[in-house]
Ligand SMILES: [Zn+2]
């Protein structure tokens with residue numbers, strides 16, 4: 001049986017990118033835009049991203065980059081919170097026209113971004129809960145959920161997620177950019193699916209053509225395993241070296 005994060009589990013004939021590649025692309029994507037938006041104003045938001053905003057944004061983006069596959073039963077995001085996400089998956093799959101339809105459109109990206117931004121305006125606590133849920137999805141996607149023992153992996157995942165969310169909270173992380181990061185992560189998912197031969201109906205519901213179908217490389221094939229995943233990983237290392245002021249992050253006297 002295909003592992004739960006295996007995006008292509010939904011169809012043997014139409015391959016899609018693996019969950020961990022999507023999650024990695026979210027991390028790299030956020031790290032790549034930080035230098036571009038740093039110190040600027042966009043949509044009325046001030047971008048002053050410190051280390052905690054960079055880490056939080058990377059994980060939020062990674063989680064969001066898995067969200068579109070909520071329209072499928074076997075996707076990482078659907079399996080992350082058991083019955084809760086499974087029910088959500090059934091509902092969203094129905095509302096958005098089934099697999100790889102509405103949840104793979106700019107409409108969905110904008111909708112998610114706006115909803116999350118409204119959530120952020122409404123309640124500080126709701127933001128923390130949403131960030132916690134997304135980080136959980138991200139860690140699951142990045143492969144922190146051990147597959148063999150579901151209960152143990154669920155507990156480890158929840159503890160790690162809680163620890164990270166709390167650490168980001170006590171660091172005073174500013175989440176004004178949350179909606180944008182979510183929309184951006186969702187859009188990154190589309191690119192991931194497009195480069196793996198799977199078309200994405202990005203203009204749904206207006207135009208249901210799957211853009212990018214049958215172009216690109218095979219899912220979990222040699223290109224994804226030997227080129228894409230290592231490149232994304234190197235991207236994260238380079239990004240971390242470049243973005244963080246490491247000497248300043250270390251405690252004094254070391
Ligand atoms: Zn997908």
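A Cβ is built for glycine as well, from the same backbone N, Cα and C atoms used for every other residue.
Automatic, uncurated: that is what TrEMBL annotation is.
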### Task
When you get a sec, could you say which of 81-100, 101-120 is annotated transmembrane segment by TrEMBL?
101-120
### Query
Per TrEMBL, which of 58-76, 153-171 is transmembrane segment?
153-171
### Message
Is the transmembrane segment (101-120) in contact with the transmembrane segment (126-146), using at least 3 Cβ pairs under 8 Å (sequence separation of 6 or more) as the test?
### Response
yes
### Query
By a Cβ-Cβ criterion of under 8 Å, what residues six or more beyond either terminus of the transmembrane segment (227-244) are in contact with it?
20-21, 24-25, 27-28, 31-32, 34-35, 51, 54, 195, 217
